[in-house]
């Protein structure tokens, strides 16, 4: 019976001491993995940041193109009176003094070029 107790005690002591060593090794491995994981996360974060900056630059570029009056504002059609000093005739039209009809109105009209 004593030999069983001694054997059990010996196995218990060995298990505890080896378990402590394994625990320390596991802790070291976990620290290494977390450091590698952090470096991977930093890399992924930088990559995502670059992509977001590129996307933001494209969006700002599109906004600036729209703000440069790329679209034509409301314009005056053909045969409609216009202001000589501030003509707003549509593209392809010119603000001219009428030749025949409308002479009595003393106004300018949008005509084709």
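The chain as shown is numbered from 1 upward.
Just so you know, glycine gets a Cβ as well, placed from its N, Cα and C.
Database features, via Swiss-Prot:
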- 1-21: signal peptide (SIGNAL)
- 61-83: region 'Disordered' (REGION)
- 75-90: disulfide bond (DISULFID)
- 82-95: disulfide bond (DISULFID)
- 89-110: disulfide bond (DISULFID)
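Overlay of Swiss-Prot feature records on the structure.
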residue : record         : CB count, 10 Å
75      : disulfide bond : 15
82      : disulfide bond : 21
89      : disulfide bond : 22
90      : disulfide bond : 14
95      : disulfide bond : 20
110     : disulfide bond : 21
Which of these disulfide-bonded residues is closest to residue 82 (disulfide bond) if you go by CA atoms: 75, 89, 90?
89
Quick one: Cα separation, residue 110 (disulfide bond) versus residue 95 (disulfide bond), in Å?
4
Inter-residue C-alpha distance, residue 95 (disulfide bond) and residue 89 (disulfide bond) (nearest angstrom):
7
